[in-house]
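Residues annotated as active site, proton acceptor in Swiss-Prot: Glu100. The domain 'Radical SAM core' annotation in Swiss-Prot covers 106-344 and rests on sequence analysis. The disulfide bond annotation in Swiss-Prot covers Cys113-Cys349. Positions annotated as [4Fe-4S] cluster binding site by Swiss-Prot: Cys120, Cys124, Cys127. What Swiss-Prot lists as S-adenosyl-L-methionine binding site is Gly172, Glu173, Ser204, Ser227, Leu228, His229, Asn305, and the listing cites sequence analysis. The feature active site, S-methylcysteine intermediate is assigned by Swiss-Prot to Cys349.
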Amino acid sequence: MPKKTDTPAYKPSIYSLTRDELIAWAIEHGEKKFRASQIWDWLYKKRVQSFDEMTNISKDFIALLNENFVVNPLKQRIVQESADGTVKYLFELPDGMLIETVLMRQHYGLSVCVTTQVGCNIGCTFCASGLIKKQRDLNNGEITAQIMLVQKYFDERGQGERVSHIVVMGIGEPFDNYTNVLKFLRTVNDDNGLAIGARHITVSTSGLAHKIREFANEGVQVNLAVSLHAPNNDLRSSIMRINRSFPLEKLFAAIEYYIETTNRRVTFEYIMLNGVNDTPENAQELADLTKKIRKLSYVNLIPYNPVSEHDQYSRSPKERVEAFYDVLKKNGVNCVVRQEHGTDIDAACGQLRSNTMKRDRQKAKVGQ
């Protein structure tokens, strides 16, 4: 059964149970194994939002489900739709805390970026996600619920669109919430549930080297991305506090272990900050840094979304990005400049949540 986490006490979401845990719970409460399979089917294939909609489940067992669980624990607070089809959601958790989820329309399908923590303690100096420190982890049910509510949003439109890809790149450090994230990955990848292919799922870490090694041994065939953002220790430590604990030597040793163990490619995320990490010399350093794993690595150059609280940073001009890209390509680095999404809404990760919390505080002051 689910282990206790630092999540506050309230009725848990049934999404927090893996299929095996749901089977065990049903048997423990006097039902056959197939009953759990029926419930799983209602949750992930028919995608009901209430136990009362499960028409082939007895009223007594539905009452037991209602007594012990909720289906979806999230409340939709705000939805912002961009002209390019990007949708940003602000969800409220049962304890009143807020999280963000983003739906991006890609040429290959609908991709959802999920949040794994309320706030973030990694402390990257350019990032909106860390403006509010970590308050708690999300449990795996709260992470799964984000996917289910986004899918419900599209189900209600009746166009037959389905979430096909997941990126675990929202607020928080996924590997700082390792157990819940791993259960989430196995739930959404389950062939009897949402059945989102492992190669359609990407987990991004800021560089917790020991967790990268652990993840290599889990047998999950999802994609791994590393938020790199600088090609040397001095620069990386100045903009990403995590580098002081896991410097590049330790990080790249873990990445090499991951590649050797899984034979999977690693993507490096690199935000382009004007005059900070975007010189041709920085590009050459990056090419040299990744040379040993070039065949199984990829660099994603990311245009910076300005954050008012971090006004010391600005976006690299297009010509600087192109010059950086050219140096990488000349060195044989597989790289791309990321396509932007949702630039006409609160685009930066964590920005919608931060702005909403500011407005809520201002309203509270006015009401005093």
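Even glycines carry a Cβ here, placed using N, Cα and C.
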Let me check the 10 A CB neighbour count of Cys120 ([4Fe-4S] cluster binding site). How many other CB atoms are there?
26
With Cys127 ([4Fe-4S] cluster binding site) as reference and a Cα-Cα limit of 10 Å, the qualifying recorded positions from Cys113, Gly172, Leu228, Asn305 are Asn305
Just the number: how many Å between the Cα atoms of Ser227 (S-adenosyl-L-methionine binding site) and Cys124 ([4Fe-4S] cluster binding site)?
10
Where Ser227 (S-adenosyl-L-methionine binding site) falls in three-state DSSP terms:
strand
Cβ-Cβ under 8 Å from Gly172 (S-adenosyl-L-methionine binding site), same chain, 6 or more residues apart: which ones?
Thr115, Thr116, Gln117, Val118, Gly119, Cys120, Ser129, Lys134, Asp137, Leu138
Whole-number Å only: compute the distance from the Cα of Cys113 (disulfide bond) to the Cα of Asn305 (S-adenosyl-L-methionine binding site).
16
Check the DSSP secondary structure of Glu173 (S-adenosyl-L-methionine binding site), expressed as helix, strand or coil.
coil
Inter-residue C-alpha distance, the residue listed as 'active site, proton acceptor' and Glu173 (S-adenosyl-L-methionine binding site) (nearest angstrom)
14
Enumerate same-chain residues with a sequence separation of six or more from Glu173 (S-adenosyl-L-methionine binding site) and a Cβ-Cβ distance below 8 A; give 'none' if the list is empty.
Thr116, Gln117, Cys120, Asn121, Ile122, Thr205, Ser206, Leu208
